[in-house]
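According to TrEMBL:
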- C:28-52: domain 'HTH cro/C1-type' (DOMAIN)
- C:75, C:80, C:116, C:120: [2Fe-2S] cluster binding site (BINDING)
């Protein structure tokens, strides 16, 4: 417990713990200080110079984001003439170093620099524009960079290096030429970038954003010769509402389906259906590997690691190729859906698969990369044609003038729209694990789960572990969950060390999600994601699971049972292998 | 192995750091030893406890010679009580324009620096030292490496020095062309193999420095003073110079003087003495117009200020700075505006680019100066804007580089306002 | 030194990055570091390519573009500027027929500007590779370049 000290902020007395950052102490006193480079999920780096305040006795102004309250009697002024002048000058300098493209910029109305200029009442400037004309980078299939707009806040580098530990990007050059950039002018698609899009989530301006496929989807919707179908990830339904003034975590599945119907999609399915399907395939795979280990003593196929996060998969291929054989061969729900949509669905409804345009709405930018992976064509066509982020979906709703909050609820279409609670919780960290355990428990033991809510694997802690006892299994299943690739490294390094030392690991089943929070924190979600907001979105999914659905276990999904009965045979069948399983490639770090 | 023919001037009564330079062979440790070399180290290791060494340096009043003038003993005492691995980091990134004193010491009396570092290590409890030498100083690098090898061979570095149980070793690291790496936290970042971006302070390097371990960062000239302080005592040191600025300083007298070179003189020596007695007055018999003292991060002073005593307090009272001790003398034909533009170009080139005020402020000021020179789109408030920008940079830049632009700008404007406002006419 | 020899000289610690880059650059004949080499350095130190490129692009002494046999660094800081370095720079540009950061056609000279080189009592000054020249005049500069050219012809 830290010592409490009495300080004055703008002449208001307030008591805070010694060591509190001024930024927080100022809030406690009922004031706020404008910030720009500061992000609540990142360490303050002090690059912008906006949050400065006057501290009595200090020769210069101090940054409130990284200056702690260090003594009793500190006196702070947050809007004195000195502070206002300095802050305004710094902001005008930043504006002079930034193009005035607001009207056509992707971040128009969502830009932190715009908001700051408005907040500080900047109506004119005495400075000339002196920003550098860098070229944009359209190389990647998922993410576009526009360094002209970079304000060198450093957040993207922090998230890529410190949170995600991917190290695809860094600041380059020096002085006024400093910018977030890539080595030797390569394109983002040529780097180790895993497309997680966390850089997009933290960029305050329009310097990084997703590659949009809205135009292509509109064209398909307007093409009468095309049969356009759509699937939506679980994480979309608890976040899309934010784009229309609703609280993060509001479950809007019904409205989501409605909106898509109104946009003109021929069939509105749901990724949660194929999430349940994924559990059938991956659960069976888990059981196979466990049986193999029990029968032969060969532990090399354990732990089995989930495979539905394409950001994680590219990270695996680049940094942990040694674990490639441990990862489940099951495709992600998006890709399973895609493969079935142009085979099972096409056949069932007698539609020419060549006319099907398969669209997905994802909270994720890496899904754009995943859909374009060469091997994702087991249907004989591109399994998923276009991936739209939650934000792109919102754009389309706004362009069409659909009043989202007032939409009636609509169920998704058959035969690929039914889902259980297990499917929907995929969007939260720990959700895939819990879904797999609900089915795994019942399939292995033949008994009903005593408690459906496996809360031991829930929560926002970076790495979580649990021991799961399943009747019929001679050992306790040791499971682990990690979200955010920096946290993934922690558990994976442990596994690699154990395998190298003992030839086996203590873990049997690990869930890895590339994004902090799981998919609810994906790179395609509404701007302004913080860990707090992600937690709310996850809560929404657990609520839908517990209160709003008929079934909560994947193996109870009737439409999934139908796919096997009519088309695939049984989980892990040869047909299932061909359409619903995949392989991975080793990628160079350099 | 000298770089060039340096002109070194000493008042022999007060020569401390340059006493051996030019007189001994820096490549021969025996020369150093014959001139009382490593005696202070012997004395400290056999007769003094580490905290006694710290006290002696504290009492001496020695202040950092890199430019900031922070009391050295106080800096050391912050690191003393901390546990775990600690480092001594010698800042040899000498980059302040007009400064070459550290090069003289490294090239001319490398063992003095080594001895100073070992003493510092003993005092604070560090067993490893780094000397970070700017990449352009090839001779300094080679000389220091050679001297370290010799010191090791002769038992002054390594395990159990003088059978005292104390071990210390030194590694030479290099910079690669970045003035900002002279800032102590940028120096540490560079040493760690990163871009030379200053860190947010606190924490200070004495608490969290190299690899986040307690690190004492000292300038070459500062460390070169330590052996003499230990050998001759703190009282002796305080008898030289002024009360608040004891000891000597190596000044460089440069520019339009007849005898440019380095001068080691006691604090309190006046500007006039330095320029006219050591520098031998203005070249070509011209009149002096101005001096730029402290380097680029320094101030312009007019000839009316020549009686100023060169010490930290006097200069501070007169809105000036000692900085690295560089004194650039400008004659009557000098274009002050042109010199100011040159100083700003230096800052623009050397800004690390991390924080907005400095990254954008420096080129913005140059942009306005350029408009003034070309008389383009002038509204009459250009100097107001320049001063306001530099002032905001002082208040909000992350390190002393951005905080310094105001000094040359404001001082030039104060003393040469007419000339600056009538540019381009 | 080839790259293997450089790696033998230094432990794979990040504090050796700048030293390794200097040694590679100084011994491969191009006075620069190319992409392939930088990748090997990154791998040796367990750093990412983006990080080491971020370092290389920060420090002026490193170049990713091949440079000439002799790198001329002419100081443009206040002392040298006061003593006439600007006109010497123009003279170099005219004599060598290149602009700053360019290399002569015969790959002999690369012209760069530098900040203070620390030889200020001999201003104006320049460095050519590891050698410093002070008290420069146009004539001196010409004779230095001549000498270097003739040395090269004799090699």
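Numbering starts at 1 and runs along the chain as it is shown here.
Keep in mind that glycine also has a Cβ here, set from the backbone N, Cα and C atoms.
What TrEMBL says about a protein is an automatic prediction, not a curated fact.
A helical conformation is recorded for residue C:80 ([2Fe-2S] cluster binding site) in the three-state DSSP classification. Residues 3, 7, 12-14, 16-17, 20-21, 62-69, 71, 110 of the same chain, all 6+ positions outside the domain 'HTH cro/C1-type' (C:28-52), place their C-beta atoms under 8 angstroms from a C-beta of that stretch.
Spatially close to residue C:75 ([2Fe-2S] cluster binding site) yet at least six residues away along the chain are C:85, C:113, C:114, C:115, C:116, C:117, C:123, C:124, C:125, C:126, judged by Cβ distances under 8 angstroms. Less than 8 angstroms from the CB of residue C:80 ([2Fe-2S] cluster binding site) sit C:74, C:116, C:120, C:123, C:124, C:125, each of them six or more residues away in the same chain. Under DSSP, residue C:75 ([2Fe-2S] cluster binding site) is assigned to a strand (E or B) in the three-state scheme. Taking the binding-site residues C:116, C:120 in turn, the residue surrounded by the fewest other Cβ atoms inside 10 Å of its Cβ turns out to be C:116. In the domain 'HTH cro/C1-type' (C:28-52), the DSSP tally of helix, strand and coil residues is 15 helix, 0 strand, 10 coil. In this structure, residue C:120 ([2Fe-2S] cluster binding site) is part of a helix by DSSP.
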